[in-house]
Amino acid sequence: GYVVPVLGIYLFWLYCNKFLEMSIGYLSTMARDITIAGTQMNTSYYPMEKLALIVGGVILICFLLVQNEIPSLFRGLRRREWNIISECSSSIFAILCFVLSYILVTSALDLSPGAQVPFFFFGGAIVAGVLLLQDNLDEILSLSGIRSFNPRENLGAVISVGSIVVFAALTLNISMVQPISQDIPTFLSAVILITVLYWGWRLSQEGMKPAVQAKRTAALGYMVFLPFIMYLLLRVLYLQHDPDPVMQNRW
């Protein structure tokens, strides 16, 4: 009875590793600026402004689609129902994080193309999935939630806030953590695998409200397909600037 689940886990691990490895390879190549005497020698190069907008934008769109608050946010704003802002705080928080991240990576931070850039985008995409699965941003962002915050009683909030803090710290200091910086695909695959296994088990218990169950199932789907989504996106971007003239002529 254990053969099928173990085989499934092993195949999922291979799938994550394979697609993340290829995607991170593309992203590192596209982020590498090799300018000699004013000429860009890397034909696959994309400026960070473009990468942050496209890759970050796709992650944000995926988050907003799963969160599914934008239609009600627009409706509420049209009717001038200002309380809708607090009801849709998760989506607003995601948009603000995207804007802040864009400003930081394009003007304040100089991320290394080999490790920091891939970890920033892929780590950010995984953190987005964790926050969707935890589904407690509204609670964390509310004033009453901040005032009455107790780490012992609210483990979910600790995981959500902790994942953001750890992600930011690792992105800035990844070169100091050799086991991760030297094999980012394996580390991120392990994080995805553990998250998917845990939440797959939680959802199989069916102990949640139907709306929460449906939303977390969509979030789990996002996490499962994330390596493939990122691979498709980065493959298309890479092929548009492919150094092989034959491939370029196809576009």
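A Cβ is built for glycine as well, from the same backbone N, Cα and C atoms used for every other residue.
Taken from TrEMBL, the feature transmembrane segment applies to 51-70 (among others).
Residues or ranges marked as transmembrane segment in TrEMBL: 91-109 (among others).
If one looks beyond the transmembrane segment (115-133) by at least 6 residues along the same chain, the residues whose Cβ comes under 8 Å of a Cβ in the stretch are 20, 23-24, 27-28, 31, 48, 51, 55-56, 59, 62-63, 66-67, 90, 94, 101, 105, 159-160, 163-164, 167, 170-172, 174-175, 180-181, 184, 188, 191-192, 195, 199, 215-216, 218-220, 222-223, 226, 230. Per TrEMBL, the feature transmembrane segment maps to 115-133 (among others).
Annotation source TrEMBL lists transmembrane segment at 154-172 (among others).
Away from its own ends, the transmembrane segment (184-201) comes close to residues 9, 12-13, 16-17, 20-21, 24, 115, 118-119, 122-123, 126, 129-130, 133, 216, 219-220, 223-224, 226-227 of its chain (Cβ-Cβ under 8 Å, at least six residues beyond either end). If you look up TrEMBL, you'll see 184-201 (among others) marked as transmembrane segment.
As annotated by TrEMBL, transmembrane segment applies to 222-241 (among others).
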